[in-house]
Amino acid sequence: MEIKQKKVWLSLIVLYAITTSVLGDFGEPLLKGFYKESCPLAEEIVKHNIEVAVLKDPRMAASLLRLQFHDCFVLGCDASVLLDTHGDMLSEKQATPNLNSLRGFEVIDYIKYLLEEACPLTVSCSDILALAARDSVFLRGGPWWEVLLGRRDSLKASFAGANQFIPAPNSSLDSLIINFKQQGLNIQDLIALSGAHTIGKARCVSFKQRIVQPNMEQTFYVDEFRRHSTFRRVLGSQCKDSSRDNELSPLDIKTPAYFDNHYFINLLEGRGLLISDNVLVSEDHEGEIFQKVWEYAVNQDLFFIDFVESMLKMGNINVLTGIEGEIRENCRFVNI
């Protein structure tokens, strides 16, 4: 696995070379090695504590990756997702896509505590999220990439935005495409970032609609997933009734502990767990998405390269830089 990761890393050198800096909304750049002088051990502190957290709870890797996704899709990559409800401001944590679903806040809290001890008011919570996502992917066998740093933290959260912009597990393909386009992301980004579902788990409430047999008289196409009756029965036994809505099943049934390309192999076999996974193939009437899914299924290196490119794009959505926002002392609250 280490050899494979090194091979992909070498394939990404050209990509890194052209992304050593990215401008924020007001012209201040995100940079490689942003904390080299102000907090030289920042990236090492994050890396070490992500390693500890994932060793203790392997599922935490997917949870931390998901945290950055849910942050960037609401207001931008500004750590607004980490803010608790305070006064008149409702936390994004309470929004429907996040409630009883997002995890890993305590890991970010502890890393922030250590960074404040080492370098007070220097490393932003939004940069911690970006580094944590990268390190989590790498720890599960995925690619490594240079995270450009220098983000600052927002002064507000958007409960309404979290309900509006975070894709639902039962999203149609059209709604996913529109949702990603609103963030400046294209169809290739949608496919590549969906590959993050190669790790992690989902609750029964998120996918039990996929288990119920359709009324074939009202169905214009056969959901490939439903042809796998054994797969369906196994999942159905976990989600018999509403009392089991919080039971968990791996998003990738084949290699749930590894960040690899099996998610795309599963899609081609009709074994995507969520509706929003399956529609990448079942609702792609033109075949463009199916072709890319097939390419990723047979070429893991290509998936890794495109995934990194899309993560870099996502990590730069509406970032705050320069004098915008602040560096929070505590990721859960704006500074007083």
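Cβ coordinates are placed from backbone N, Cα and C, and glycine is handled just like the others.
Among the features that Swiss-Prot reports, active site, proton acceptor is placed at His70. Under the heading Ca(2+) 1 binding site, Swiss-Prot lists Asp71, Val74, Gly76, Asp78, Ser80. Taken from Swiss-Prot, the feature substrate binding site applies to Pro167. The heme b binding site annotation in Swiss-Prot covers His197 and is backed by sequence analysis. For Thr198, Asp252, Thr255, Asp260, the entry in Swiss-Prot reads Ca(2+) 2 binding site, with the evidence type sequence analysis. Taken from Swiss-Prot, the feature disulfide bond applies to Cys39-Cys119, Cys72-Cys77, Cys125-Cys331, Cys204-Cys239. For Asn170, the entry in Swiss-Prot reads N-linked glycosylation site, with the evidence type sequence analysis. Taken from Swiss-Prot, the feature signal peptide covers 1-24. According to Swiss-Prot, the feature site 'Transition state stabilizer' maps to Arg66, an assignment based on sequence analysis.
Rounded to the nearest whole angstrom, the C-alpha distance between Cys39 (disulfide bond) and Asp71 (Ca(2+) 1 binding site) is 24. Each of the recorded positions Asn170, Thr255 was assessed for Cβ neighbours inside 10 Å, and the highest tally belongs to Thr255. If you check the binding-site residues Asp71, Asp78, Ser80 against Cys125 (disulfide bond), the ones with a Cα inside 10 Å of its Cα are Asp78, Ser80.
Using a 10 Å Cα-Cα cut-off around Asp71 (Ca(2+) 1 binding site), the disulfide-bonded residues Cys77, Cys119, Cys204, Cys239, Cys331 reduce to Cys77. Sequence-distant neighbours of Val74 (Ca(2+) 1 binding site) (same chain, 6+ apart, CB under 8 A from its CB) are Ser80, Val81, Glu92, Ala157, Ser158, Gly161, Ala162, Phe165, Ile166. Neighbours of Pro167 (substrate binding site) among the recorded positions Gly76, Thr255, Asp260, Cys331, defined as a Cα within 10 Å of its Cα, are absent: none qualifies. Apart from Thr198, Asp252, Thr255, Asp260, the Ca(2+) 2 site neighbourhood in this chain, defined by C-beta within 8 angstroms of the site C-beta centre, holds Ile199, Lys254, Pro256, Tyr258, Phe259, Asn261, His262, Tyr263. Apart from Asp71, Val74, Gly76, Asp78, Ser80, the Ca(2+) 1 site neighbourhood in this chain, defined by C-beta within 8 angstroms of the site C-beta centre, holds Cys72, Phe73, Leu75, Cys77, Ala79, Val81, Glu92, Ser126, Ser154, Ser158, Asn318. Annotation note: Asp71 (Ca(2+) 1 binding site) sits in a helical segment as assigned by DSSP.
Counting only same-chain residues six or more apart in sequence, the Cβ atoms lying under 8 angstroms from the Cβ of Arg66 (site 'Transition state stabilizer') belong to Leu102, Arg103, Ala196, Gly200. The Cα of Cys331 (disulfide bond) lies closest to that of Gly76, out of the recorded positions Gly76, Cys204, Thr255. The most densely surrounded of the binding-site residues Asp78, Asp260 is Asp78 (count of other Cβ atoms within 10 A of its Cβ). Under a cutoff of 8 A between CB atoms, and with a sequence separation of 6+ in the same chain, the neighbours of Cys72 (disulfide bond) are Gln183, Met314, Gly315, Ile317. When each of the disulfide-bonded residues Cys39, Cys77, Cys125 is scored by how many other Cβ atoms sit within 10 Å of its Cβ, Cys39 comes out lowest.
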